Amino acid sequence: MPDREHCLALDAADPLREFRDEFVLPEGIVYLVGNSLGALPRRTAERVRQAVEDEWGRELVGGWNHAGWYTQPLTLGDRLAPLIGAGPGQVVVGNTTSVAIHQAVSAALRLRPDRRVIVSDAANFPTDHYIVQGLARTLGGYEVRDLAEGRFDDAAVVLLSEVDYRTGARQDVPEVTARVHAAGALIVWDLCHSVGAMEVDVSGADFAVGCTYKYLNAGPGAPAFLYVNPRHLADAENALSGWNGHAEPFAFEPDYRPAEGIRRFAVGTPHVLSFAALDAALDIWERVPMARVRAKSMALTSLFLDLVGDRLEVASPREPERRGSQVSLRHPDGYPVMRALIERGVHGDFRAPDILRFGFAPLYTRYVDVHDAAATLAEVLDKELWRDERYARRLPVT
Ligand SMILES: *Cc1c(COP(=O)(O)O)cnc(C)c1O
(Lines of atoms letter the chains of each structure in order from A and count residues from 1; the text may use other names and numbers.)
(Lines give C-alpha, C1' and ligand atoms only; values in the text may rest on other atoms or scores of the structure.)
Protein backbone atom coordinates (compact mmCIF):
# COMPACT_ATOMS: atom_id res chain seq x y z
CA MET A 1 0.00 0.00 0.00
CA PRO A 2 1.58 3.35 -1.02
CA ASP A 3 2.48 5.36 2.10
CA ARG A 4 2.65 9.13 2.46
CA GLU A 5 6.35 9.28 1.56
CA HIS A 6 5.70 7.38 -1.63
CA CYS A 7 2.90 9.83 -2.56
CA LEU A 8 5.21 12.80 -1.96
CA ALA A 9 7.72 11.18 -4.31
CA LEU A 10 5.00 10.76 -6.95
CA ASP A 11 4.21 14.48 -6.62
CA ALA A 12 7.85 15.42 -7.03
CA ALA A 13 7.98 13.42 -10.27
CA ASP A 14 4.60 14.63 -11.57
CA PRO A 15 4.99 16.31 -15.00
CA LEU A 16 1.92 18.47 -14.23
CA ARG A 17 3.13 19.63 -10.82
CA GLU A 18 3.90 23.22 -11.91
CA PHE A 19 0.20 23.76 -12.73
CA ARG A 20 -0.79 23.64 -9.06
CA ASP A 21 0.94 27.01 -8.61
CA GLU A 22 -1.53 28.49 -11.08
CA PHE A 23 -4.29 28.11 -8.46
CA VAL A 24 -5.32 29.72 -5.20
CA LEU A 25 -5.85 26.83 -2.78
CA PRO A 26 -6.47 27.59 0.89
CA GLU A 27 -3.97 26.02 3.30
CA GLY A 28 -4.99 22.93 5.18
CA ILE A 29 -7.72 21.60 2.95
CA VAL A 30 -7.88 18.81 0.43
CA TYR A 31 -10.22 20.05 -2.29
CA LEU A 32 -11.90 17.17 -4.12
CA VAL A 33 -14.85 19.10 -5.50
CA GLY A 34 -13.23 20.43 -8.67
CA ASN A 35 -15.83 18.39 -10.56
CA SER A 36 -18.50 20.71 -9.13
CA LEU A 37 -16.71 24.05 -8.87
CA GLY A 38 -13.12 24.23 -10.08
CA ALA A 39 -10.51 26.11 -8.05
CA LEU A 40 -9.70 29.79 -8.62
CA PRO A 41 -6.80 30.40 -11.02
CA ARG A 42 -4.35 33.01 -9.72
CA ARG A 43 -4.60 35.04 -12.90
CA THR A 44 -8.40 35.36 -12.76
CA ALA A 45 -8.74 38.22 -10.27
CA GLU A 46 -6.50 40.49 -12.36
CA ARG A 47 -8.28 39.58 -15.59
CA VAL A 48 -11.70 40.28 -14.05
CA ARG A 49 -10.36 43.55 -12.57
CA GLN A 50 -9.24 44.55 -16.07
CA ALA A 51 -12.67 43.79 -17.52
CA VAL A 52 -14.34 45.84 -14.79
CA GLU A 53 -11.99 48.79 -14.37
CA ASP A 54 -10.06 49.11 -17.62
CA GLU A 55 -12.74 47.98 -20.05
CA TRP A 56 -16.10 48.81 -18.49
CA GLY A 57 -14.78 51.70 -16.36
CA ARG A 58 -12.86 53.45 -19.11
CA GLU A 59 -14.51 52.37 -22.35
CA LEU A 60 -18.10 52.29 -21.10
CA VAL A 61 -20.34 51.26 -23.99
CA GLY A 62 -17.32 51.42 -26.31
CA GLY A 63 -16.15 48.18 -24.72
CA TRP A 64 -18.43 46.32 -27.12
CA ASN A 65 -16.17 47.42 -29.96
CA HIS A 66 -12.83 48.23 -28.38
CA ALA A 67 -12.51 45.45 -25.82
CA GLY A 68 -13.78 42.66 -28.09
CA TRP A 69 -16.84 42.01 -25.92
CA TYR A 70 -19.16 41.58 -28.86
CA THR A 71 -17.26 38.76 -30.50
CA GLN A 72 -16.30 36.91 -27.30
CA PRO A 73 -18.99 34.20 -27.64
CA LEU A 74 -17.12 33.09 -30.77
CA THR A 75 -13.51 33.97 -29.94
CA LEU A 76 -13.74 32.14 -26.60
CA GLY A 77 -15.57 29.28 -28.35
CA ASP A 78 -12.64 28.95 -30.76
CA ARG A 79 -10.19 28.85 -27.84
CA LEU A 80 -12.22 26.19 -26.06
CA ALA A 81 -12.77 24.06 -29.19
CA PRO A 82 -9.48 22.07 -29.04
CA LEU A 83 -10.46 20.77 -25.57
CA ILE A 84 -13.38 18.88 -27.13
CA GLY A 85 -11.80 17.88 -30.45
CA ALA A 86 -13.59 20.66 -32.35
CA GLY A 87 -12.29 23.23 -34.79
CA PRO A 88 -12.75 26.98 -35.19
CA GLY A 89 -16.25 28.23 -35.97
CA GLN A 90 -17.91 25.21 -34.30
CA VAL A 91 -18.35 26.32 -30.68
CA VAL A 92 -20.26 29.24 -29.16
CA VAL A 93 -20.00 30.22 -25.51
CA GLY A 94 -22.79 31.65 -23.36
CA ASN A 95 -25.91 30.97 -21.32
CA THR A 96 -26.04 27.85 -19.16
CA THR A 97 -25.73 24.15 -19.94
CA SER A 98 -29.48 23.82 -19.42
CA VAL A 99 -30.11 26.44 -22.12
CA ALA A 100 -27.55 24.87 -24.45
CA ILE A 101 -29.27 21.47 -24.04
CA HIS A 102 -32.56 23.08 -25.02
CA GLN A 103 -30.95 24.62 -28.11
CA ALA A 104 -29.15 21.43 -29.16
CA VAL A 105 -32.08 19.05 -28.65
CA SER A 106 -34.59 21.35 -30.36
CA ALA A 107 -32.23 21.83 -33.31
CA ALA A 108 -31.77 18.06 -33.57
CA LEU A 109 -35.55 17.51 -33.53
CA ARG A 110 -35.97 19.94 -36.44
CA LEU A 111 -33.34 17.98 -38.37
CA ARG A 112 -35.32 14.73 -37.88
CA PRO A 113 -38.90 15.98 -38.49
CA ASP A 114 -40.26 12.50 -39.24
CA ARG A 115 -39.42 11.12 -35.78
CA ARG A 116 -41.11 11.77 -32.44
CA VAL A 117 -38.91 10.11 -29.81
CA ILE A 118 -36.26 11.72 -27.60
CA VAL A 119 -34.03 9.24 -25.77
CA SER A 120 -32.64 10.60 -22.52
CA ASP A 121 -30.97 8.97 -19.53
CA ALA A 122 -33.17 9.24 -16.43
CA ALA A 123 -29.99 8.74 -14.39
CA ASN A 124 -28.33 11.75 -16.05
CA PHE A 125 -27.88 15.00 -14.17
CA PRO A 126 -31.51 16.02 -13.62
CA THR A 127 -31.43 19.26 -15.60
CA ASP A 128 -30.71 17.33 -18.81
CA HIS A 129 -33.76 15.14 -18.33
CA TYR A 130 -35.94 18.02 -17.09
CA ILE A 131 -35.14 20.17 -20.12
CA VAL A 132 -36.06 17.34 -22.47
CA GLN A 133 -39.30 16.71 -20.58
CA GLY A 134 -40.20 20.41 -20.79
CA LEU A 135 -39.37 20.55 -24.47
CA ALA A 136 -41.54 17.49 -25.21
CA ARG A 137 -44.41 19.05 -23.26
CA THR A 138 -44.11 22.41 -25.04
CA LEU A 139 -43.87 20.92 -28.51
CA GLY A 140 -46.55 18.28 -27.93
CA GLY A 141 -46.58 14.90 -29.64
CA TYR A 142 -43.11 13.82 -28.46
CA GLU A 143 -42.22 10.84 -26.30
CA VAL A 144 -39.30 10.96 -23.87
CA ARG A 145 -37.86 7.46 -23.61
CA ASP A 146 -35.41 6.39 -20.95
CA LEU A 147 -32.05 5.19 -22.19
CA ALA A 148 -32.48 2.06 -20.05
CA GLU A 149 -35.08 0.81 -22.55
CA GLY A 150 -32.17 0.58 -24.98
CA ARG A 151 -34.07 1.36 -28.20
CA PHE A 152 -32.88 4.03 -30.61
CA ASP A 153 -34.45 2.71 -33.84
CA ASP A 154 -37.25 5.30 -34.01
CA ALA A 155 -35.46 8.07 -32.06
CA ALA A 156 -34.92 11.56 -33.43
CA VAL A 157 -32.27 12.42 -30.88
CA VAL A 158 -30.34 10.81 -28.03
CA LEU A 159 -29.02 12.99 -25.17
CA LEU A 160 -26.24 11.46 -23.05
CA SER A 161 -23.42 12.44 -20.72
CA GLU A 162 -19.91 11.25 -21.51
CA VAL A 163 -19.25 10.83 -17.78
CA ASP A 164 -22.07 10.11 -15.33
CA TYR A 165 -22.16 12.79 -12.61
CA ARG A 166 -23.17 10.34 -9.90
CA THR A 167 -21.03 7.25 -10.52
CA GLY A 168 -18.28 8.64 -12.74
CA ALA A 169 -18.94 5.91 -15.33
CA ARG A 170 -17.64 6.90 -18.75
CA GLN A 171 -19.35 6.19 -22.05
CA ASP A 172 -17.46 5.14 -25.15
CA VAL A 173 -18.24 8.24 -27.26
CA PRO A 174 -17.27 6.89 -30.72
CA GLU A 175 -19.02 3.55 -30.13
CA VAL A 176 -22.27 5.06 -28.83
CA THR A 177 -22.24 7.78 -31.49
CA ALA A 178 -21.90 5.13 -34.21
CA ARG A 179 -24.75 3.09 -32.71
CA VAL A 180 -27.05 6.13 -32.56
CA HIS A 181 -26.18 7.12 -36.12
CA ALA A 182 -26.76 3.59 -37.37
CA ALA A 183 -30.29 3.89 -35.97
CA GLY A 184 -30.80 7.09 -37.98
CA ALA A 185 -30.87 9.31 -34.88
CA LEU A 186 -28.76 12.31 -33.89
CA ILE A 187 -26.68 12.53 -30.72
CA VAL A 188 -26.16 15.36 -28.24
CA TRP A 189 -23.26 14.77 -25.84
CA ASP A 190 -23.13 16.49 -22.47
CA LEU A 191 -19.46 16.97 -21.57
CA CYS A 192 -19.87 18.63 -18.16
CA HIS A 193 -17.91 15.90 -16.36
CA SER A 194 -15.36 15.10 -19.05
CA VAL A 195 -14.12 18.40 -20.49
CA GLY A 196 -10.90 19.36 -18.72
CA ALA A 197 -10.55 15.92 -17.15
CA MET A 198 -9.56 13.93 -20.23
CA GLU A 199 -9.08 14.14 -23.98
CA VAL A 200 -12.53 14.64 -25.44
CA ASP A 201 -13.36 14.16 -29.10
CA VAL A 202 -16.86 15.02 -30.25
CA SER A 203 -15.93 15.54 -33.87
CA GLY A 204 -18.16 12.62 -34.90
CA ALA A 205 -21.14 13.81 -32.85
CA ASP A 206 -23.96 16.08 -33.97
CA PHE A 207 -24.10 18.47 -31.01
CA ALA A 208 -22.32 18.78 -27.69
CA VAL A 209 -22.78 20.97 -24.63
CA GLY A 210 -20.93 21.51 -21.39
CA CYS A 211 -20.15 23.88 -18.58
CA THR A 212 -16.92 25.73 -17.84
CA TYR A 213 -17.10 26.02 -14.04
CA LYS A 214 -16.21 22.39 -13.22
CA TYR A 215 -12.83 21.05 -14.42
CA LEU A 216 -12.27 24.13 -16.61
CA ASN A 217 -12.11 26.45 -13.56
CA ALA A 218 -13.93 29.46 -15.06
CA GLY A 219 -15.76 30.23 -11.81
CA PRO A 220 -19.23 30.13 -10.28
CA GLY A 221 -21.90 30.85 -12.87
CA ALA A 222 -19.40 30.69 -15.75
CA PRO A 223 -20.99 30.36 -19.21
CA ALA A 224 -21.69 27.08 -20.98
CA PHE A 225 -20.60 26.05 -24.48
CA LEU A 226 -22.45 24.59 -27.43
CA TYR A 227 -20.80 22.67 -30.27
CA VAL A 228 -22.52 22.09 -33.60
CA ASN A 229 -20.99 19.73 -36.13
CA PRO A 230 -20.15 21.72 -39.31
CA ARG A 231 -22.26 19.29 -41.38
CA HIS A 232 -25.34 20.70 -39.60
CA LEU A 233 -24.38 24.36 -39.50
CA ALA A 234 -26.22 25.32 -42.67
CA ASP A 235 -29.50 23.66 -41.62
CA ALA A 236 -29.61 23.60 -37.82
CA GLU A 237 -32.03 26.10 -36.32
CA ASN A 238 -31.76 27.91 -33.03
CA ALA A 239 -35.16 27.70 -31.32
CA LEU A 240 -34.01 30.50 -29.01
CA SER A 241 -33.81 32.87 -31.97
CA GLY A 242 -32.55 35.91 -30.09
CA TRP A 243 -31.11 39.02 -31.66
CA ASN A 244 -27.47 38.03 -31.22
CA GLY A 245 -27.99 35.04 -33.50
CA HIS A 246 -29.55 37.26 -36.18
CA ALA A 247 -27.66 37.79 -39.44
CA GLU A 248 -27.53 41.54 -38.72
CA PRO A 249 -28.37 42.27 -35.10
CA PHE A 250 -27.89 46.00 -35.53
CA ALA A 251 -30.17 46.22 -38.55
CA PHE A 252 -33.01 45.82 -36.01
CA GLU A 253 -35.17 44.13 -38.62
CA PRO A 254 -38.71 43.04 -37.70
CA ASP A 255 -38.09 39.41 -38.66
CA TYR A 256 -35.49 36.88 -37.56
CA ARG A 257 -32.91 35.82 -40.12
CA PRO A 258 -30.24 33.43 -38.80
CA ALA A 259 -26.58 34.38 -38.97
CA GLU A 260 -24.30 32.15 -41.01
CA GLY A 261 -22.41 29.49 -39.09
CA ILE A 262 -22.17 28.93 -35.37
CA ARG A 263 -23.08 32.55 -34.52
CA ARG A 264 -26.73 31.74 -35.11
CA PHE A 265 -26.61 29.80 -31.83
CA ALA A 266 -25.82 32.95 -29.86
CA VAL A 267 -28.92 34.22 -28.07
CA GLY A 268 -28.71 37.54 -26.22
CA THR A 269 -26.17 39.92 -24.75
CA PRO A 270 -22.87 38.18 -23.88
CA HIS A 271 -21.91 37.70 -20.18
CA VAL A 272 -18.87 39.92 -20.38
CA LEU A 273 -17.73 39.75 -16.75
CA SER A 274 -18.04 35.96 -16.63
CA PHE A 275 -16.21 35.76 -19.94
CA ALA A 276 -13.21 37.50 -18.38
CA ALA A 277 -12.84 34.63 -15.89
CA LEU A 278 -13.24 32.07 -18.67
CA ASP A 279 -10.60 33.89 -20.70
CA ALA A 280 -8.15 33.61 -17.77
CA ALA A 281 -8.93 29.91 -17.29
CA LEU A 282 -8.35 29.18 -20.99
CA ASP A 283 -4.91 30.84 -20.78
CA ILE A 284 -3.93 27.90 -18.59
CA TRP A 285 -5.61 25.22 -20.71
CA GLU A 286 -3.72 26.30 -23.81
CA ARG A 287 -0.52 25.02 -22.16
CA VAL A 288 -1.90 21.77 -20.72
CA PRO A 289 -0.94 18.41 -22.29
CA MET A 290 -4.30 16.60 -22.09
CA ALA A 291 -2.85 13.10 -22.43
CA ARG A 292 -0.93 13.74 -19.20
CA VAL A 293 -4.07 15.03 -17.53
CA ARG A 294 -5.86 11.79 -18.32
CA ALA A 295 -2.92 9.64 -17.24
CA LYS A 296 -2.69 11.47 -13.91
CA SER A 297 -6.45 11.38 -13.45
CA MET A 298 -6.48 7.59 -13.81
CA ALA A 299 -3.51 7.29 -11.44
CA LEU A 300 -5.18 9.50 -8.79
CA THR A 301 -8.52 7.71 -8.88
CA SER A 302 -6.84 4.28 -8.85
CA LEU A 303 -4.67 5.29 -5.90
CA PHE A 304 -7.72 6.47 -3.97
CA LEU A 305 -9.55 3.21 -4.65
CA ASP A 306 -6.49 1.22 -3.53
CA LEU A 307 -6.21 3.21 -0.31
CA VAL A 308 -9.93 2.99 0.49
CA GLY A 309 -9.80 -0.76 -0.07
CA ASP A 310 -12.98 -2.60 0.82
CA ARG A 311 -14.08 -0.16 3.55
CA LEU A 312 -16.97 1.04 1.38
CA GLU A 313 -18.95 -0.11 -1.62
CA VAL A 314 -17.57 1.42 -4.80
CA ALA A 315 -20.15 2.92 -7.19
CA SER A 316 -17.58 3.86 -9.88
CA PRO A 317 -16.23 1.46 -12.50
CA ARG A 318 -13.13 -0.45 -11.37
CA GLU A 319 -11.33 -0.17 -14.73
CA PRO A 320 -9.69 3.27 -14.92
CA GLU A 321 -10.48 3.62 -18.65
CA ARG A 322 -14.18 3.38 -17.86
CA ARG A 323 -14.06 6.09 -15.19
CA GLY A 324 -14.09 9.85 -15.35
CA SER A 325 -11.94 11.78 -12.89
CA GLN A 326 -14.03 10.96 -9.84
CA VAL A 327 -14.59 8.15 -7.40
CA SER A 328 -18.03 7.56 -5.91
CA LEU A 329 -18.49 5.50 -2.79
CA ARG A 330 -21.70 4.36 -1.15
CA HIS A 331 -22.58 4.61 2.52
CA PRO A 332 -26.13 4.50 3.94
CA ASP A 333 -25.20 7.50 6.13
CA GLY A 334 -23.25 9.23 3.38
CA TYR A 335 -24.44 12.70 4.34
CA PRO A 336 -23.04 12.81 7.89
CA VAL A 337 -19.91 10.98 6.72
CA MET A 338 -19.25 13.75 4.18
CA ARG A 339 -19.96 16.48 6.75
CA ALA A 340 -17.47 14.87 9.13
CA LEU A 341 -14.87 14.73 6.36
CA ILE A 342 -15.39 18.37 5.41
CA GLU A 343 -14.97 19.44 9.02
CA ARG A 344 -11.60 17.67 8.94
CA GLY A 345 -10.55 19.54 5.80
CA VAL A 346 -11.37 16.91 3.18
CA HIS A 347 -13.88 18.43 0.77
CA GLY A 348 -15.95 16.07 -1.33
CA ASP A 349 -19.69 16.19 -1.83
CA PHE A 350 -22.78 14.08 -1.33
CA ARG A 351 -25.36 13.03 -3.90
CA ALA A 352 -28.60 11.46 -2.69
CA PRO A 353 -29.40 8.87 -1.68
CA ASP A 354 -26.06 7.45 -0.53
CA ILE A 355 -23.16 8.62 -2.74
CA LEU A 356 -19.96 10.20 -1.47
CA ARG A 357 -18.30 11.90 -4.45
CA PHE A 358 -14.61 12.69 -4.70
CA GLY A 359 -13.42 14.61 -7.76
CA PHE A 360 -9.73 14.63 -8.66
CA ALA A 361 -8.83 17.66 -10.78
CA PRO A 362 -5.42 16.65 -12.14
CA LEU A 363 -4.08 20.19 -12.53
CA TYR A 364 -4.03 20.88 -8.81
CA THR A 365 -4.73 17.65 -6.93
CA ARG A 366 -1.61 15.98 -5.56
CA TYR A 367 -0.98 12.33 -4.79
CA VAL A 368 -0.43 13.33 -1.18
CA ASP A 369 -3.92 14.87 -1.14
CA VAL A 370 -5.30 11.50 -2.19
CA HIS A 371 -3.37 9.85 0.60
CA ASP A 372 -4.60 12.31 3.23
CA ALA A 373 -8.21 12.12 2.03
CA ALA A 374 -8.20 8.31 2.26
CA ALA A 375 -6.57 8.40 5.71
CA THR A 376 -9.17 10.89 6.99
CA LEU A 377 -12.00 8.82 5.53
CA ALA A 378 -10.63 5.72 7.25
CA GLU A 379 -10.50 7.57 10.57
CA VAL A 380 -14.05 8.95 10.22
CA LEU A 381 -15.36 5.46 9.48
CA ASP A 382 -13.24 3.42 11.89
CA LYS A 383 -13.91 5.71 14.85
CA GLU A 384 -17.51 6.36 13.71
CA LEU A 385 -16.89 10.09 14.02
CA TRP A 386 -19.77 10.75 11.61
CA ARG A 387 -22.28 9.70 14.29
CA ASP A 388 -21.99 13.08 16.02
CA GLU A 389 -25.49 14.52 15.72
CA ARG A 390 -24.35 17.89 14.37
CA TYR A 391 -23.45 16.23 11.06
CA ALA A 392 -27.02 15.07 10.48
CA ARG A 393 -28.41 18.62 10.04
CA ARG A 394 -28.80 19.39 6.33
CA LEU A 395 -27.26 22.46 4.72
CA PRO A 396 -28.84 23.95 1.57
CA VAL A 397 -25.92 22.91 -0.71
CA THR A 398 -23.90 19.75 -0.14
C1 LIG B 1 -23.16 20.37 -13.92
C2 LIG B 1 -24.05 19.80 -14.96
C3 LIG B 1 -25.01 20.59 -15.60
C4 LIG B 1 -25.20 22.01 -15.17
O5 LIG B 1 -26.22 22.69 -15.86
P6 LIG B 1 -26.33 24.26 -15.68
O7 LIG B 1 -27.44 24.65 -16.54
O8 LIG B 1 -25.01 24.84 -16.12
O9 LIG B 1 -26.58 24.54 -14.23
C10 LIG B 1 -25.78 20.01 -16.60
N11 LIG B 1 -25.60 18.72 -16.96
C12 LIG B 1 -24.68 17.94 -16.36
C13 LIG B 1 -24.50 16.53 -16.80
C14 LIG B 1 -23.89 18.45 -15.33
O15 LIG B 1 -23.00 17.68 -14.73
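Positions of Cβ are set from backbone N, Cα and C atoms, glycine also.
Cross-referencing Thr75, Thr177, Thr269 against the pyridoxal 5'-phosphate binding annotation in TrEMBL, which names Thr97, Ser98, Phe125, Pro126, Thr127, Asp128, Asp190, His193, Tyr213, Trp243, picks out Thr269. Each of the binding-site residues Phe125, Tyr213 was scored by the other Cβ atoms within 10 Å of its Cβ; the lowest score goes to Phe125. Most other Cβ atoms within 10 A: among the binding-site residues Thr97, Thr127, Thr269, that distinction falls to Thr97.
Take Thr97, Ser98, Phe125, Pro126, Thr127, Asp128, Asp190, His193, Tyr213, Trp243, Thr269, the residues named in the record as contacts for pyridoxal 5'-phosphate: the widest Cα to Cα gap among them comes to 31 Å. When secondary structure is read from DSSP and collapsed to three states, Thr127 (pyridoxal 5'-phosphate binding site) falls in the helix class.
Under the three-state DSSP scheme, Thr97 (pyridoxal 5'-phosphate binding site) falls in the helix class.
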